[in-house]
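Accompanying notes for the structure given below.
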Amino acid sequence: MSSSKSILKSTSIIGGSSVITILLNIARSKVIALLLGPSGTGLIGALQSSTSFIQSLSSLGIDNSAVRDIAQANSKGNQEKLSLVVKSLRKIVVFTGFAGLLLTVIFAQPLSQFTFDTSEYTFEIRLLSIAVFFNLIQAGQSALIQGMRRIKDLARMSILSSLMGTILSLPLIYFFNFDGISYYLVVLATGQFLVSFYYARKIKIQSIKVSWQDAFEESRGMIKLGFSFMGGALAAILSAYLIRVIIIRDLSLADAGIYQAAFALSGLYIGVILQAMGKDFYPRLTAVAFDSKKEIQLINEQTQVGMMLAAPGLMFTMAIAPLAIRLLYSREYLDAFPILQWMILGVFLRTISWPMGYLFIARAKGKKFLLTQVLSNVILLVFTYFFITYFGLEGAGIAFFGLYILHVIYMYFFIRTENNFKWNGGVIKRMILLSTSFIIAFTAIQYLSSFWGSITSAVIGVLLSFFALKEISNILEIKSLKQLMDLIKNRKK
């Protein structure tokens, strides 16, 4: 199977599960928005951001670096090495889980004070220590499944986790309102842990004994690379956390909820593409690490397919954004529309820059990966502070777009110095075509009436959909509608 076909296959599997997961998340967000309003949404985002920092610090980045070690051992067919890595990973994540739990309990009061300018939420943050514990162990189990490239299990896991979380957690919000938020987050984490535990245990490995000393010894390489992952994740979490603090302090908690809604909507569709990229592309790129020709080919193919699949959905999101905001949240969130427009432009650019970023991870170039992550988040934080000061809440969206303009540029030059990477002609042509389409749609929304702006974006979205369908047909070598239907029927079998 060609690389492009493999990308489409993994995207279709992860994408199908993501559609169901998104629908469940939409239902959950809608209920929360109606019951709690923007302030409730803002509180959930602030609590998650505050504990995510500790969670990332405690993880040591192993949940990401382990994917690389597992993928390499599995691709070489070394079952003994694979068993050693897996057993070590399972022990280490228990250690990191308890470390995260204790740190959350200890630092709950200062986190509450810094985030909300009051110690009123100390108990809620301490309660979230349970969520931190389960999230850390769940991340380790997911790393095993991803490293083994069990794409279908990842898809099933995503659906079941979201379904269980939705069914079990929403009653807490309904009956306890704001007082149920922390319990809601704990139940979500517990459900995800149980589902990941079930699927991770299905993976058969050799039965070997691994002591704690052996586990730490084997994990030394994972931890070394993991520190770079951890540093990058901490930079992202700290940036997201400080952005919410800036919005809460300079504007209001309700504005933080509106920002959260715009951020969530901008990533709703693109999450399908980027999840597929992370779940399948990363292990595949790791398998050909340091083979520059194959690396360049894979990155170009992933970029081309990613842009092609992302553009129509993002364009339709831009077209129906006001309706989507009212439908998925409520009229109180309509101020999210201007932020969302800018974020959609940034998200499209992210589909171009993200495949390049995986090269440093695949090659275990931890310091270079960390540099790009820290640089990106410092830029985002500075831009957000500056643009919010001059443009209000909409400035957060402008900052997001500004970051990804720079991100595409400096990632290209960083990667070019690493393996002489360059985009091929096909990628450049599609990049120009799609970027021009987004500029036209954005300009129409800004300067025409809301009706004609939406119509313009929708028409462009339809044209891009036909373009994407033609591209997919070429990759899959489909020459007729009948051939496409036969392919779908065979996949179902």
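The backbone N, Cα and C atoms fix where each Cβ goes, and this holds for glycine too.
Taking Cβ pairs closer than 8 Å, the transmembrane segment (92-111) reaches residues 50-51, 54-55, 57-60, 62-63, 119, 122-123, 125-126, 128-130, 132-137, 139-141, 215-216, 219, 222 in its own chain, all 6 or more past its ends. Positions annotated as transmembrane segment by TrEMBL: 92-111 (among others).
Positions annotated as transmembrane segment by TrEMBL: 123-145 (among others).
Nonlocal intrachain contacts for the transmembrane segment (157-175), taken as residues 6+ away from its ends with a CB within less than 8 angstroms of a stretch CB, comprise 14, 17-18, 20-21, 24-25, 27-28, 31-32, 35-36, 142, 145, 181, 183-185, 187-188, 191-192, 194-196, 199. What TrEMBL lists as transmembrane segment is 157-175 (among others).
For 181-200 (among others), the entry in TrEMBL reads transmembrane segment.
Annotation comment: TrEMBL describes 221-246 (among others) as transmembrane segment. Long-range contacts of the transmembrane segment (221-246) within its own chain (CB-CB distance under 8 A, at least 6 residues past either end) are made by residues 42, 45-46, 49-50, 52-53, 56-57, 59-66, 68-69, 85, 88-89, 92, 114-115, 256, 259-260, 361, 364, 366-367, 369-370, 372-374, 376-378, 380-381, 384-385, 388, 396.
Annotation comment: TrEMBL describes 258-277 (among others) as transmembrane segment.
Sequence-distant neighbours of the transmembrane segment (305-327) (same chain, 6+ residues past either end, Cβ-Cβ under 8 Å): 4, 7-8, 11, 30, 261, 265-266, 268-270, 272-273, 277, 333-334, 336-337, 340-341, 344, 347-348, 351-352, 354-355, 427, 430-431, 434, 437-438, 441-442, 445, 450, 454-455, 457-458, 460-461, 464-465, 467-468, 471-472, 475. For 305-327 (among others), the entry in TrEMBL reads transmembrane segment.
Feature annotation from TrEMBL assigns transmembrane segment to 339-362 (among others).
Taken from TrEMBL, the feature transmembrane segment covers 374-392 (among others).
What TrEMBL lists as transmembrane segment is 398-415 (among others).
Here the transmembrane segment (427-445) has long-range neighbours at 300, 303-304, 307-308, 311, 314-315, 318-319, 341, 344-345, 348, 352, 452-454, 456-457, 460, 463-464, meaning same-chain residues at least 6 beyond its ends whose C-beta is under 8 angstroms from one of its own. What TrEMBL lists as transmembrane segment is 427-445 (among others).
What TrEMBL records for 451-469 (among others) is transmembrane segment. Long-range contacts of the transmembrane segment (451-469) within its own chain (CB-CB distance under 8 A, at least 6 residues past either end) are made by residues 308-309, 311-312, 315-316, 318-320, 322, 434, 437, 440-441, 444-445.
A Cβ distance under 8 Å defines the sequence-distant neighbours of the transmembrane segment (123-145), meaning residues of its chain 6+ beyond its ends; these are 47, 50-51, 54-55, 58-59, 62-64, 66-67, 70, 86, 89-90, 92-94, 96-98, 100-102, 104-105, 108, 111-112, 153-154, 157, 181-183, 185-186, 188-190, 192-193, 196-197, 199-200, 203. Proximity of distant same-chain residues to the transmembrane segment (181-200), defined by a Cβ-Cβ separation under 8 Å and at least 6 residues beyond the stretch ends, is recorded for 36, 40, 43-44, 47-48, 123-125, 127-128, 130-132, 134-135, 137-138, 141-142, 144-145, 150, 153, 156-157, 160-161, 164-165, 168-170, 172-173.
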